[in-house]
Each structure stands twice: as structure tokens, then as C-alpha cells.
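Relevant sequence annotations retrieved from TrEMBL are reproduced here:
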type     : residues : note
DOMAIN   : 256-407  : domain 'O-antigen ligase-related'
TRANSMEM : 29-48    : transmembrane segment
TRANSMEM : 55-75    : transmembrane segment
TRANSMEM : 95-113   : transmembrane segment
TRANSMEM : 125-148  : transmembrane segment
TRANSMEM : 163-179  : transmembrane segment
TRANSMEM : 186-208  : transmembrane segment
TRANSMEM : 220-239  : transmembrane segment
TRANSMEM : 251-266  : transmembrane segment
TRANSMEM : 272-287  : transmembrane segment
TRANSMEM : 397-420  : transmembrane segment
TRANSMEM : 432-450  : transmembrane segment
TRANSMEM : 456-475  : transmembrane segment
Amino acid sequence: MQPSGTLSLAGLALSVILSGVVFLSQAPAWVALIPLGLFGIIELVQKLMTIHPRYFLYIMLALSYFVDDVNFQPWGPENTISEILGAFFYQSYQVTPLEVLSLCLAVWIGISAPKITRHIWWREGLGVGLFMVGLYQVGTFLSLGVGLSKGGDIGQHLIQTRLHHLLPIWFFIGFTLISSETHLKVVFRILVLATTFKSVQGVVNFAAHWGTYTDPENEYLIDHFFSIYAAVAIVYLFYQVLESSDPRHRLWSGIGLVPVVIAFVLNDRRTAVAGLGVAGLVFLGSRSKQWYRRYRRALSTGTLVLVAMTAATWNVPPPVGILGSTVKSLVVGESQQTDRPDYRVLENANLLHGVAQEPIMGMGTGRQVANVFGMPDLSEIFPTFLLTPHNLFLANWAYGGPLVVAVLTSLIVFMTALSLRLLRFPRHPDHFLLGLLSFVFFMQLLAYVIGDLGTYVQRNLVTAGLLFGALFRLTRRVDCD
């Protein structure tokens, strides 16, 4: 470390003297290092404050998209680099490192911004956006009050809601740091690069441990929520193959598309396939007649291929038959295929029973849903199965009543509307692609909120808040131009 300036030299000298005094007092050796350590931390913070926070945002995003979202233990049967890092980055030690870094970054942005910049933020709608995402926090606090009045527990409430604070924090970060189309494009490139690397790692790991991953007990190739980001990466890479004017870019995008598609299939998340299907239908519904005339051959070919693949994989088990099995489960249903009530059906029935019992204020958070319809006991592999249901719309309705579920629905609808705004009425060369990628992510989030624990995951809330904040600011600027 090279101290700069008279104050730094004086601080170094003082810390050395203090360390010497502590050492001579026969204190433990590690205590004597505290003054020098504090000096080093102060110097490091001063150096960091001269660098724009956006670069640290990019580093955090690269880490969060690369590592596996491991909350308690690795998902897969084989430890990989991304699993090991995920155990550090996401695993809870009462508070996760990601939460600490997120809060520190938000505070840093607020402190380092000039007064004129903060005025611009408020003029461009920061207060309005924070109020919107804050309503959901207010709803969860009201649900806590209701739950405590009925014998609920704060510890159980935190299991259900403790990560929700990431949404307003990352809305603020997205609004303040992702202030242009270029910045948002960098975010998606980071997501795609990290996802592509993880896909290659996953495919290689699958080939190296074929017998392990083909065991039905090992449900995922990478992690439960990887498929959300793989879906976004697939759309980005496919778009570049079709639209990029640079042949080298098209070639590399095509090469990268192969492992991402393979990893998406092998990860075997039908929720993600359903999310892509819904996104495709809504996207087609938003297109003009001219667009349909331009792409009529590609659309006809694509439709025939999808129908043929669905028919061919109708009775093929996943992951190879993921397309057919997804459509089959939506059309026929799991219960009809297995001749026994599906776990999700029983879980949803229990939630609807909770709604019927407390239709106005909800049953309150901090309480377990009553197992009236006899769900199987999953406590050995999923200890919080009665606290954290898969269908979060029904869960928010049961725990928080119609007010909380209305706020959650409004947030997702508004996020989706912002992405469609850029997608349908682009005023910048990158607006269509940025709107499309954001829209695909929000449709994935919607699918996972309905069917697969979407807001219990840190990375999902980080990305949702970041994109919401960035799109909120960009669309307001576009509307004002």
C-alpha cells in the first residue's frame, strides 16, 4: 500500500505506533494488528470512493449470475466452481453477503451523488417508483401484525419475507446507475456471458458424471432458477444470430447458443418452458400486420417445428421430452397422469382453504398454512414446506389478503408494461432488444411466482428490482422527449 498525502502518512505513523504500544502491552498478536488493519480499510475505502459505483455493480452482477443460488446446500450432486461460490455469496449466515453488499452499494450511491444529481433523480420519478415497490413492504408488515395477533412468530415471518427488502434496494440501484440504454445493454451482456459459461460448465459436468445426473433423484443440472436466466440468454443469442450485422458476432452467438439450449433442456424446469411459451404468445399478440407479413415464412416454419416437437415428445420423459411433458402437464394435468393427487394441487387447495377462512385480512405471515388436504411430509428435504408455498400469488392472498396480492400483481403488471413500452414503440436502436429481454425475464418471473417460489430467491429479486428501476427511468425519459 502506498500512502498518499501528509494525512495518509500521519495516519500510517499513528497506526504503527498504536500497534507497537498494543504489542508491548502483551496483548494477543492479532489485537496488535487492529490499528494497522483499520488504517488499511480506511485507505481502501478512500480509493474505492474515487471509482464510479457502476463498475462495482457490474462485478456484483457478474458474480450473482455466475454462481448458483445456494441458500442452504448445493443443489447438484457434484460440487462445481459456481456452487462453491454460491454457497459463499447467497448462503445465509443470519444475513447473506449479497444483502450486505447490496445495502453498502445503495448507501455509497446515495452518499457520493452530488446534490444536483439527487434533485434530478427525484424529478425523474425516483420517489414515485420507491413508493410503488414500498407498498409491498407495507403490505407484508401489515400481514406480520395480523399474524402476530393470531399467534404467529417473527422468525417464521422472516423466513417468508426477509428477502423482500432487496426489491426496493435494487430498484434504487437500477434507477440511479443504469441511466442509459448502454448501461442496460451491459447488464444483459453480463447475464448472457455468465449464463453461457455456466451452461458450458453444466454440460461438461453432465458428460463427466453421466450416471449421476441421469439418476431421477438428481433433479437439476445446475440450480433450480438457472432456467430463468438461460431463457433470457437464449433469446439474446438467437436475436444476435438473426439480426447482427457482424458475421463474427453471429458466429459466436450461434456457438454460445448451443450449450445454453442444452443446459436449459437438461436443467428440466417446465416452469421456465411455460414462461417462454406465455412470453411468445404475448409477444406475437403485440406485433403489427407488417411484422407478420415480413416474418410469415419464419413463423409458419417455427409453428410447424414446435407442433412436431411437441407431438414427438408427448410421451417422452424429461429432460429430453421437456417440451411435450410441459404441454401435457398443462393440458392433461399431473393428477390424471399419475392417478393420485399432485402435491401442488394439494398445496394450492390448502392455500385456498386459508383464503376462505380469512378472506379480508388474510391469516397473517409468521404462521404455517394448515395442512387440511394432507400434503406429504417434505420436511426432510424442504423444512419450510408449510411456510413457503410454491404458488406465491395464492400464498400472498392467503397470508396477506386481497390487498397484498393486488399490490404484488400490480407490480408485475407494471414491470411488464414498461418492457412492452420499449418493445412496441422503440425510439432508440437498442430499445426493441432491451424491451424484449426485460419482457422475457418478467414473464419468467411471473411463471415462477405462480408455480415455483419466484420471490424467495435473492437473484430474482435483484434482477427484478434492477430492471424495474432502469426501465422506470428510461421510459419516463422517452415519454418526456
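A Cβ is built for glycine as well, from the same backbone N, Cα and C atoms used for every other residue.
No curator has checked TrEMBL annotations; they are predicted automatically.
Relative to the rest of the structure, where do these features sit?
Per-residue confidence over the domain 'O-antigen ligase-related' (256-407) averages out at a pLDDT of 83.
Nonlocal intrachain contacts for the transmembrane segment (163-179), taken as residues 6+ away from its ends with a CB within less than 8 angstroms of a stretch CB, comprise 53-54, 57, 99, 102-103, 105-106, 109-110, 113, 121, 126, 129-130, 133-134, 136-137, 140, 187, 455-458, 461-470, 472-473.
Proximity of distant same-chain residues to the transmembrane segment (186-208), defined by a Cβ-Cβ separation under 8 Å and at least 6 residues beyond the stretch ends, is recorded for 58, 61-62, 65-66, 68, 76, 78, 80-82, 178, 221-222, 226, 229-230, 232-233, 236-237, 256, 259-260, 262-264, 266-267, 434, 437, 463, 466-467, 470.
Sequence-distant contacts of the transmembrane segment (251-266), counting only residues of its own chain at least 6 positions beyond either end whose CB sits under 8 Å from a CB of the stretch, comprise 192, 195-196, 198-200, 202-203, 206, 213, 221-222, 226-227, 230-231, 233-234, 237-238, 240-241, 244, 272, 319-320, 322.
Packing against the transmembrane segment (456-475) from elsewhere in the chain are residues 61, 64-65, 69, 90, 96, 98-99, 102, 124-126, 129, 133, 163-164, 166-176, 178-181, 183-184, 187, 191, 224-225, 228-229, 388, 392, 411, 414-415, 418-419, 421-422, 434, 438, 441-442, 445, 448: each is 6 or more residues past its ends and has a CB under 8 Å from a CB in it.
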Looking at the transmembrane segment (432-450) and the transmembrane segment (95-113), are there 3+ C-beta pairs under 8 A, with each pair at least 6 apart in sequence?
no
So, taking each listed stretch (95-113, 125-148, 272-287, 397-420) in turn and counting its Cβ pairs to the transmembrane segment (220-239) that are under 8 angstroms, which one gives the highest count?
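Between the stretches 95-113, 125-148, 272-287, 397-420, 272-287 has the largest tally.
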